[in-house]
C-alpha cells in the first residue's frame, strides 16, 4: 500500500510540471519565458525580418502574453504578444540577427509591438498570422536621457534628400567599380553640434562603371543584385560649401532566384507585385517628388501600398497589417476566439502565470 501511495505521489508531482489546459477557456497559459514560448517568439521575429522590404531588422525585447490553443488535427498554436526593438542592421544586410546591435535610446530608438500566431507541429514552428506596428521613442523621453541628442528627421525633408544624394555622389566619385544607385533613405537626423545632417541609406550596384557614367538613368541594376549600406554626414560651411563624409559597406552579390509563376501565367507577363515592393529591387528615394512604396505580406505574396509621405521611420504596420500567412492555408483554419470571463480551473496549487516576461534590453 505504501508503495502504491508513493507511486501515486510521484505521478502527481510529474503531472504538476506540465501546464494544464483550461477546460472552459480551451487554452493553456505557459510562462512568457517558457522555452517553447520563446522559440515561437523568435520564429516570429525571424519571419518579420525576412519579410521586411525596407528599414532595419528587429530583435525580440519582451514577451507580453501567451496563450496556447490546440489545433486539429495536430499541433498547437501560440497566440503571443511581443515587443521588439530596432537594430542597426538594415534588412538588406546579411549579418545574422544575433550579431546586430540594438539601437540605443540616445540614438532615438524604435519599438515594435506585434500580435502573432505561431503553429508548433512536429517540433517545428511556422508563422500563421502577424500584426505589427512600430514607433520611435517620444522626443520627451529622448531629451530626458540626452538633451543634446538629435531626433529622427522626416525622410522626405529636402535637406535629408540632398544629404543622401551628395553623399552617394561622393561615394561614386571615389569608387573605381560599379556605379551605385539609391535604393532608399532609411534614417536621418539633424545634428546640432556641429550643425549637420546625418543620413543612412541603402544602395545597389548597376551595370555602369562609376568613373564613366554620363547619364545615370541609363544604368540598370545587375542581374545578380549587390546591395550596400551607407552612412553619410553633410556639414554646411559658414562661408559656403559643404563638408561631405560617407562610408559604405557593400554586401556579397545575391544569386538570381527564379520566381514561381501562378498556374496559367504567361512567361512574359508582368508580375502583379511591383519591383519596388520587394527587397531585391531599387526603389526611389522617399522625396516629395514621388510617393514612396511599401508592401504588405498577404499570404504568399507581397502587395504594394503607399507610405506616409512625412514618415521618419519604416512602420512595421505597413508590411504586417494582420493578414494570415500562407502557412495557415494548410490544415484546419485556426481562429482565436474571445476569451470567456471565467475563473481559473481548480488545479492543485493553481497555475503560476509569469507574464509579461523579462526585458532583454530596455523599455521605451
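Placement of Cβ uses the backbone N, Cα and C atoms for every residue, glycine included.
Annotation note: residue 355 (disulfide bond) sits in a coil segment as assigned by DSSP. Swiss-Prot lists 32-355 (among others) with the feature disulfide bond.
Every protein chain shown contributes to the tally, and the Cβ of residue 89 (disulfide bond) ends up with 22 other Cβ atoms within 10 Å. Taken from Swiss-Prot, the feature disulfide bond covers 89-100 (among others).
If you look up Swiss-Prot, you'll see 114-132 (among others) marked as disulfide bond, on the strength of sequence analysis. Long-range Cβ neighbours of residue 132 (disulfide bond) (same chain, at least 6 residues apart, Cβ-Cβ under 8 Å): 48, 84, 112, 113, 114, 115, 316, 317, 319, 320.
Mapped onto three states, the DSSP output places residue 149 (disulfide bond) in coil. Listed in sequence order, the residues of the same chain lying 6 or more apart from residue 149 (disulfide bond) and placing their CB within less than 8 Å of its CB are 106, 107, 108, 142, 143. Per Swiss-Prot, the feature disulfide bond maps to 146-149 (among others); the stated evidence is sequence analysis.
The disulfide bond annotation in Swiss-Prot covers 208-219 (among others). The Cβ of residue 219 (disulfide bond) lies under 8 Å from the Cβ of 179, 181, 206, 207, 208, 213, each on the same chain and at least six residues away in sequence.
According to Swiss-Prot, the disulfide bond annotation covers 230-248 (among others), on the basis of sequence analysis. The number of other Cβ atoms within 10 Å of the Cβ belonging to residue 248 (disulfide bond), over all protein chains shown, comes to 20.
Summarised as a single figure, the pLDDT of the domain 'Cystatin fetuin-A-type 1' (27-133) averages 97. According to Swiss-Prot, the domain 'Cystatin fetuin-A-type 1' annotation covers 27-133, on the basis of sequence analysis.
The feature domain 'Cystatin fetuin-A-type 2' is assigned by Swiss-Prot to 144-256, with sequence analysis given as support. For the domain 'Cystatin fetuin-A-type 2' (144-256), the number of residues in each DSSP class (helix H, G, I; strand E, B; coil) is 25 helix, 49 strand, 39 coil.
Taken from Swiss-Prot, the feature N-linked glycosylation site applies to 99 (among others). The C-beta environment of residue 99 (N-linked glycosylation site), restricted to residues of the same chain at least 6 apart in sequence and closer than 8 Å, consists of 89.
There are 23 other Cβ atoms within 10 Å of the Cβ belonging to residue 156 (N-linked glycosylation site). Swiss-Prot lists 156 (among others) with the feature N-linked glycosylation site.
The N-linked glycosylation site annotation in Swiss-Prot covers 176 (among others). Here the Cβ of residue 176 (N-linked glycosylation site) has 7 other Cβ atoms within 10 Å, regardless of which shown protein chain they belong to.
The O-linked glycosylation site feature in Swiss-Prot is assigned to 301 (among others); the stated evidence is similarity to another entry.
Feature annotation from Swiss-Prot assigns O-linked glycosylation site to 339 (among others); the stated evidence is similarity to another entry.
The C-beta environment of residue 134 (phosphoserine), restricted to residues of the same chain at least 6 apart in sequence and closer than 8 Å, consists of 58, 84, 86, 110, 111, 112, 113, 313, 314, 315, 316, 317. Residue 134 (phosphoserine) carries a strand DSSP state (E or B). According to Swiss-Prot, the phosphoserine annotation covers 134 (among others), on the basis of similarity to another entry.
Counting every protein chain shown, the Cβ of residue 135 (phosphoserine) has 15 other Cβ atoms within 10 Å. If you look up Swiss-Prot, you'll see 135 (among others) marked as phosphoserine.
If you look up Swiss-Prot, you'll see 138 (among others) marked as phosphoserine.
Among the recorded positions listed (100, 146, 156, 321), 100 has its Cα nearest to the Cα of residue 248 (disulfide bond). Most Cβ neighbours within 10 Å among the disulfide-bonded residues 32, 208: this distinction goes to 32. The 10 Å shell around the Cβ of residue 114 (disulfide bond) contains 24 further Cβ atoms across the protein chains shown. DSSP classifies residue 99 (N-linked glycosylation site) as helix under the three-state reduction.
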